[in-house]
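Chemist: Annotations per TrEMBL:
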REGION    646-666  region 'Disordered'
TRANSMEM  25-47  transmembrane segment
TRANSMEM  210-229  transmembrane segment
TRANSMEM  235-259  transmembrane segment
TRANSMEM  291-311  transmembrane segment
TRANSMEM  342-361  transmembrane segment
TRANSMEM  389-419  transmembrane segment
TRANSMEM  541-565  transmembrane segment
TRANSMEM  571-604  transmembrane segment
Amino acid sequence: MGCCGSAERTKREWRPLEDRSCTDLPWFLLFTVFCVGMGSICGFTIVTGGAARLVFGYDSYGNTCGQRNEQIEGVRLSGLDHSDRKFVFFLDPCNIDIVQRKIKSMALCVSLCPTEELKTYQDLKRFAMFNGSELCSYELAGHKYPGLPERFTKCPKLPVPPSKPLPVFNRCTPVDISCYARFAEAVVTFVGDNSVLHRLIAGVAASKEIIIGLCVLALVLSMILMVIIRYISAVLVWILTSLVVLGSLAGTSVLWWLYIDHRLYGNDTSTKVTKEGKEEVEVSRDSSQALLVYAVAATVFTIILLLLMLFMRKRVALTIALFHVAGKVFIHLPLLTLQPFVTFLALLLFWIYWILVLLFLGTTGNPVQNEETGLTEFRLTGPLQYLTWYHAVGLVWISEFILACQQMTVAGAVVTYYFTRDKNRLPVTPILSSVLRLVRYHLGTVAKGSFIITLVKIPRLVLMYIHNQLKGKENACARCLLKTCICCLWCLEKCLNYLNQNAYAATAINSTSFCTSARDAFVILVENALRVATINAVGDFVLFLGKILIVTTTAFAGVLLLNYQRDYAEWLLPLIIVCLFSFLVAHCFLSIFEIVVDVLFLCFAIDTKYNDGTPGKEFFMDKALMEFVESSRRLERAVERGRSRVKEAVSEGAEMKPMAPGTSSA
């Protein structure tokens, strides 16, 4: 059974919201089995002790802190009873490996973290005798610390900074995090002066209330824009169209002016240049030819652009009408504005779970001694090492599944709105009804669509990883080939995302399987290719302008609120944080708006294809779209009348032509 089936295709009969049945059930079962496998990895790490080692911590000899341990063959000082030693203490917590992102210091299990600075080995001895917490290696007696020769390698580096245990993870963390600040400075390579970094961090700390307020402002502006964009979309679209046309005409005019000026200047100075040599003449002639080529190319581009604007003005009007109806959708379905929050929360919870299990995997496996440091580490060996790859695939597939669920939910709600003629008879909560239909009927379709995206995304991520690893080592040809493959996969992923989104909408309309819906949606999109291109080009740019409007408004408000800080260097990091957050929020909300517009267009294309407004085939569309259809029909009738008049004139001329020879012979 192929993706689109090999059976003879029949003409699709669209019956919106009439029949419901489960779609792509095998893919739902496959996704369920895969999720069970993801859960089994978590269970494996818990059963084998990896989760306990991460939470409770373990020392450099493989002993888990806070519990009895079994002897590890070949590892000395393993199998100790650490029931009363619940905290992990690093002898040199500032010895950080930036490349591997881990602390290279020896770790011990201790019963108490030092709360005061210990400057000498005598202080270490006193701390061990009074508190019963020995901070040197287990084989060294606490009362002998000051005189032991091993104290330089098996005791903590002096002075020992005061520390306190981390919540939950039981690691003794220095109160003064200066060494971690140095680590941050090594990561943030563009900061050359420590004072600059400290001033930036101080600016963020001093402005945290303003940053939170501006983030809330960006959130409110995004929600307002989704409702009012239907009122300003026409202005934005025509301003955009005018700017593009005027810019093209101005650029073409400038190029022709430069060419004519260069030719005139070249003719005036040709005799002087010839006396100096022929090379200058050749350069002048090449420049003149280059300007001519640029001017001709710009003229051709401008003519094509003007023709496109002329023939596509009706489709631009359709984009404006769709934006207008999309604004109405958000008024009738206000819960659509919560979709970004729900999706972000679902992704956040899954990502937290995924990172925790990944950390569990990092402390799971067989004990292995590091040849460089001699410390004991836990690593997965044999077939178990592929658990990490399985876990990585799960990150991509389940993340795409969550995003696809959002698309299907929005599509289901918009389809319900569009194909319900009496808007007063809409369900009480169309969003909740769409979620219930998704869970009951279409999880398999969403799983299949997200898996197809995963098949494209994973090779692209692997190629990006290889490209980063080989940076500076590969030749120019290999680098170009890698970038070409990455770019092609990215384009394919974007195309599949768009097709998947329309396939989910077709499934929401007709309750068909993923491949059937994708085929039907593809046919509709191909039949309306020019409309699709116009909506995507004009609509995407209008939404981009909306994002820029939110970011600039939030940034301007930030400048006004931060104006009381006279140290303007402290503005940088808070403003960057606010601008990034506002763009992210605007992108999330306006992406929902974009999905609504795309689903509305598919519904409109289906409505106009299978209905004509006659009794029994009434349109489902909104009044704004109906006005667009009526204006299009009036224009088509006018064009048909013009064509018929031309044909009549041509036929009359053809009838009169045979009489000319007869009269001449008479």
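Placed from the backbone N, Cα and C atoms, the Cβ positions cover glycine too.
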Chemist: Do at least three C-beta pairs under 8 angstroms join the transmembrane segment (541-565) to the transmembrane segment (291-311), pairs 6 or more apart in sequence?
Modeler: no
Chemist: Cβ under 8 Å to the transmembrane segment (25-47), counting only same-chain residues 6 or more beyond its ends: which ones?
Modeler: 353, 357, 360-361, 363-364, 387, 390-391, 394, 397-398, 401, 443-445, 447-448, 451, 514
Chemist: What residues elsewhere in the chain lie close to the transmembrane segment (210-229), defined as a C-beta under 8 angstroms and at least 6 residues from its ends?
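Modeler: For the transmembrane segment (210-229), the list is 204, 323, 326-327, 330-331, 337, 542, 546, 549-551, 553-554, 557-558, 561-562, 574, 577-578, 581-582, 585-586, 588-590, 592-593.
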Chemist: Near the transmembrane segment (571-604), which same-chain residues lie under 8 Å Cβ to Cβ, leaving out any that are not at least 6 residues past its ends?
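Modeler: Distant Cβ neighbours of the transmembrane segment (571-604) are 200-201, 203-204, 207, 210-211, 214-215, 217-219, 221-223, 225-226, 229, 318, 322-323, 325-326, 329-330, 336-337, 339-340, 343-344, 407, 410-411, 414-415, 418-419, 498, 501-502, 505-506, 509, 521, 524-525, 528, 531-532, 535, 539-540, 543, 546-547, 550-551, 554-555, 558-559, 562, 565, 620-621, 625.
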Chemist: Which bits of the chain, at least 6 residues beyond where the transmembrane segment (235-259) starts or stops, bring a Cβ under 8 A of a Cβ in it?
Modeler: 288, 291-292, 294-295, 298-299, 301-302, 305-306, 309, 316, 319-320, 538, 541-542, 545
